Amino acid sequence: MGFFRTLFSFSIFALSLADTSKFIGLDDVDNIIPNSYIVVMKGAVTEAEFKDHQVWASRIHRRSKRDGAADGLDGLKTTFDFQGFKAYCGTFDKESIERITRSSDVDYVEADRVVKMAALNTQRNAPSWGLGRISHKKAGSFDYVYDSDAGSGITIYGVDTGIDIHHPDFGGRATWGVNTVDSENSDQNGHGTHTAGTFAGATYGVAKKARIIAVKVLNAEGTGSTSGVIQGIEWSTNHASSNGLSGKAAMNLSLGVRSSSVFNSAAEAAQRSGIFLAVAAGNDGFSPASARGVCTVAATDAQDQATSWSNYGSTVALYAPGDKILSIYPNGGTATLSGTSMASPHVCGVGAYLMALEGIGPGRVCDRIKQLALESVKNPGPDTTRRLLYNGSGA
């Protein structure tokens, strides 16, 4: 399958550990973060048991540190606890992680891994066509037809490289949320601003009145970690819950990771909390595109052709414009990018648009989008839908 050009490429890898059948091992090892792990608890583990387990794991690490086996390792660093998903990440020596994995409280362990951004194809200031396509039954129009509600009352979390929240196209609707990757609270890459401009910008966006929150999980080079992305998802879920936004929120994830149970679990927990998730399609069972309940998006060009670099398969919910998409860029600029990453925010924006227009809950959004979609995609891959995103404008 062709690799999409702007999807973030994650590689999840595992060490070979003796007698640890609950350790999820994968066959690629190039991007593993040495000695860094994500430990996922069983669903029946209570809050008290989770805290007791953390104390126990920390004690194991301190013992290894005294013995000189864990020099330079921090032990338990970050915990996750939202919507039934309990986990923690940390750096441990081999013997300690083997003991932790054998705990009766632990469901499985995955190696933490580097997140890398694939190369972007950029055509500066090219004409855009995506908004016209998603609001017309026939290809070729550049007019965007939409209801004036335009996502009003809906909040969209952009989990990405950050967002230039001061870009004039947002008109003050964008705010900074959290940064899990570095100390620079800005988009130094551009990808996150571009995707946000597509899902909610005033000029280039679908849901032009939605509120936007920047969740930075990748740095200027487009790199981060699985645990950092999960921190961003958890923060968004908790923020929505504590601010009365559950049921009125969406999340765009223009990123993915090679077949990851922990990533899928985090995405599913966010969806259960009352957030609609639009996710860029990946390659060979990428997560969270393979998670239950998320709306997985592949890419088409202006002629409704499935692009050669977009993923295909049964996990794809529908296609959306992803080739040569014009949107905003940091410092007041614009750029034209291509990729599945550009298709996903079109669907995220339509999801927010329909939530505002029809009052539907996040759990019903993807089905409603598929119901409205056009059977227009040409040459999709084997076992792949022909559905193309349409906002139901009637045009």
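Even glycines carry a Cβ here, placed using N, Cα and C.
The signal peptide annotation in Swiss-Prot covers 1-20 and rests on sequence analysis.
Feature annotation from Swiss-Prot assigns domain 'Inhibitor I9' to 36-117.
Here Swiss-Prot flags 128-395 as domain 'Peptidase S8', drawing on sequence analysis.
Other C-beta atoms found within 10 angstroms of the C-beta of D160 (active site, charge relay system) number 31, with every protein chain shown included. Sequence annotations record features per position, and here Swiss-Prot assigns active site, charge relay system to D160 (among others) based on sequence analysis.
In three-state terms derived from DSSP, H191 (active site, charge relay system) belongs to a helical segment. The active site, charge relay system annotation in Swiss-Prot covers H191 (among others).
For N252 (N-linked glycosylation site), other Cβ atoms within 10 Å of its Cβ number 33. Annotation comment: Swiss-Prot describes N252 (among others) as N-linked glycosylation site.
The annotation active site, charge relay system is assigned in Swiss-Prot to S341 (among others). In the three-state DSSP assignment, the secondary structure recorded for S341 (active site, charge relay system) is helix.
According to its DSSP assignment, N391 (N-linked glycosylation site) is coil. Annotation source Swiss-Prot lists N-linked glycosylation site at N391 (among others), citing sequence analysis.
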In this predicted model, what is the average pLDDT of the domain 'Peptidase S8' (128-395)? 93
Cβ neighbour count within 10 Å of S341 (active site, charge relay system): 33
Euclidean distance between Cα atoms of S341 (active site, charge relay system) and N252 (N-linked glycosylation site), Å: 9
Students should find that the Cβ of H191 (active site, charge relay system) has, within 10 Å, a number of other Cβ atoms equal to 28
